[in-house]
Amino acid sequence: MGYKVVVAGATGNVGREMLNILAEREFPIDDIAALASRRSLGTEVSFGDRTLKTQDLEAFDFTGWDIALFAIGSDATKEYAPKAAAAGCVVIDNSSLYRYDPDVPLVVPEVNAAAVDGYAKKNIIANPNCSTAQMVVALKPLHDRAKIKRVVVSTYQATSGAGKEGVDELWDQTKAIYNPTDEVPPKKFQKQIAFNVIPHIDSFMEDGSTKEEWKMVVETKKIVDPGIKVTATCVRVPVFVGHAESINIEFEDHLDEDEARDILREAPGIMVIDKREDGGYVTPVECVGDFATFISRIRQDSTIDNGLNLWCVSDNLRKGAALNAVQIAETLCNRVLKKG
Ligand SMILES: NC(=O)c1ccc[n+]([C@@H]2O[C@H](COP(=O)([O-])OP(=O)(O)OC[C@H]3O[C@@H](n4cnc5c(N)ncnc54)[C@H](OP(=O)(O)O)[C@@H]3O)[C@@H](O)[C@H]2O)c1
């Protein structure tokens, strides 16, 4: 016996990946509904070898549906997630709306699967920000061994992290570089993204950091350990898919780079590719379509007593969003909503 599953935002970057991943991982599904806004009514989306027609989220009745994977942004989530939850359907949400709500678990299954059990207070589970998700998968096994005190992270984030419009803007501006009569001014991003990098993602906070940077701090504390100090610089780069991160970690106890490599090799969700030779590391284009978070360039930081540096790359639409949401759904089904 399977589950009745809804994907809301099925025409978007994340929603399409959710459908792909549900099919790839053979999630036990009895019935599936693909939802988007009314303007996309009837748009065809793929689900394995089937084609689904999208329905209007506004008119959809969630009664009798088990799980809804939401990827529609905070404004629409605010309107529709409470409706779905009140109808008895558990919402797994990709927006930032509920991430910091103490009554909503924020889950990365490799790190804090048991937190899923707290879903019942609101019938909602939150999925973290894409940059946080891949980083905490790498931090958790190292934290369990040597207790992390502080993390300094710089991100190199793909344009697909800003939705369909972000991908289109990079594509259109790149073409326009070769055909200057077709000038494409910045719209989704603050400055030209083609052949450039932009140290600004989401809005500015009072202390000069951005909301994206703040999210990495707060979410890491909620998912891994409130005692970990995090400072982040988040940068948009002209890559379509795949976020990369340079992570510097300071530990309470000494952790040798070889032991760290062995720990990460054994850790769930991680693939270590770390050869000290040309090309012996992973770059964003190589992680596209993969489930793993890839770790490379593991090395001691000799400027502090107990420090390590590493390079972390993952498909932002997968581990950073759709895959993590499907893994949460799998965890929920295995731990709580058991059927058959
Ligand atoms: N991309 C990432 O790396 C990433 C990572 C983590 C979390 N997220 C979060 O996931 C969500 C979706 O991101 P995305 O990249 O997939 O965006 P996207 O490509 O722009 O897609 C947005 C989706 O939401 C639907 N939608 C928007 N407003 C709606 C409304 N009022 N009613 C019904 N459907 C509506 C759109 O439907 P139409 O096509 O009909 O407009 C579309 O299916 C966002 O909350 C984002 O913050 C994204």
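Numbering starts at 1 and runs along the chain as displayed.
Even glycines carry a Cβ here, placed using N, Cα and C.
Among the features that TrEMBL reports, domain 'Semialdehyde dehydrogenase NAD-binding' is placed at 4-119. Secondary structure by DSSP for the domain 'Semialdehyde dehydrogenase NAD-binding' (4-119): 43 helix, 32 strand, 41 coil.
As annotated by TrEMBL, NADP(+) binding site applies to Thr11, Gly12, Asn13, Val14, Arg39, Ser40, Ser160, Gly161, Pro180, Asn316. In this structure, Pro180 (NADP(+) binding site) belongs to neither helix nor strand by DSSP; it is coil. Sequence-distant neighbours of Pro180 (NADP(+) binding site): no residue of the same chain at least 6 apart has a C-beta under 8 Å from its C-beta.
Residues or ranges marked as phosphate binding site by TrEMBL: Arg99. Around Arg99 (phosphate binding site), taking its Cβ as the centre, 21 other Cβ atoms fall within 10 Å, counting all chains.
Sequence annotations record features per position, and here TrEMBL assigns active site, acyl-thioester intermediate to Cys130. A C-beta separation below 8 Å, combined with a sequence spacing of at least six in one chain, links Cys130 (active site, acyl-thioester intermediate) to Gln157, Gly161, His243, Asn316, Lys319, Gly320, Ala321.
For Gln157, Arg236, the entry in TrEMBL reads substrate binding site.
Residues or ranges marked as active site, proton acceptor in TrEMBL: His243. Secondary structure at His243 (active site, proton acceptor), as computed by DSSP, is strand.
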### Message
I'd like to verify something. Among the recorded positions Asn13, Arg39, Arg99, Gln157, Pro180, His243, which ones have a C-beta closer than 6 angstroms to some atom of ligand 1?
### Response
Asn13, Arg39
### Query
Hey, how far is Ser160 (NADP(+) binding site) from Arg236 (substrate binding site), Cα to Cα, in Å?
10
### Summary
Most isolated by CB count within 10 A, of the recorded positions Arg39, His243, is Arg39
### Task
Just report the maximum Cα pair distance in Å for the recorded NADP(+) binders Thr11, Gly12, Asn13, Val14, Arg39, Ser40, Ser160, Gly161, Pro180, Asn316, no decimals.
33
### Task
May I ask which residues of the same chain, at least 6 positions away in sequence, place their Cβ under 8 angstroms from the Cβ of Thr11 (NADP(+) binding site)?
Ala36, Ser40, Thr43, Val45, Thr54
